[in-house]
Amino acid sequence: MMLGVLCTILWVAIYSAVIAPGQGLAFYEDYAARAAPTIAIVTGIPILFVAGWFIARNLPRREGIGAGVLVGLVYTVIDLVLLLALAGELDLPWGVLALSYGTKIAAGAAGGWLATRNALENTGDDPI
């Protein structure tokens with residue numbers, strides 16, 4: 001979560017310095033609120049992929065994929081609880097959130113799959 005927040009802060013800083021300099025603080029705050037969901041999707045995929053890979057790298061194949069999915073699910077639950085506690089549920093973009101959480105779960109699973117796939121290739125075990 002912190003990496004996603006840092007990526008959002010970094011992007012808004014770049015946006016304010018290079019793309020649209022000289023605007024007021026309210027302009028950048030509004031932009032950050034509008035851009036954050038897209039940034040979360042774009043940056044969340046590689047972050048959760050690496051996390052899924054890291055967790056699953058020493059596990060058997062079936063457990064590795066499950067561990068990767070679990071990484072995405074744990075992230076989703078924690079993020080959703082924090083989001084509902086801080087923002088409430090009235091104005092949340094549920095479609096964008098579903099896309100964001102779905103891509104994070106899939107990225108974690110893909111990272112888990114890749115970690116266990118490489119382990120099988122290195123050991124020569126039959127994957128079936």
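From the backbone N, Cα and C atoms, a Cβ is placed for every residue, glycine too.
Small disclaimer: the values here were computed from a predicted structure and weren't measured.
For 36-56 (among others), the entry in TrEMBL reads transmembrane segment. Residues 3-4, 7-8, 11, 63-65, 67-72, 75, 93, 96-97, 99-100, 103-105, 107-116 of the same chain lie 6 or more positions beyond the ends of the transmembrane segment (36-56) yet place their CB under 8 Å from a CB of it.
Feature annotation from TrEMBL assigns transmembrane segment to 68-88 (among others).
Here TrEMBL flags 94-115 (among others) as transmembrane segment.
Residues 37-38, 40-41, 44-57, 59, 61, 64-73, 75-76, 79-80, 83 of the same chain lie 6+ residues outside the transmembrane segment (94-115) yet bring a C-beta within less than 8 angstroms of a C-beta in it.
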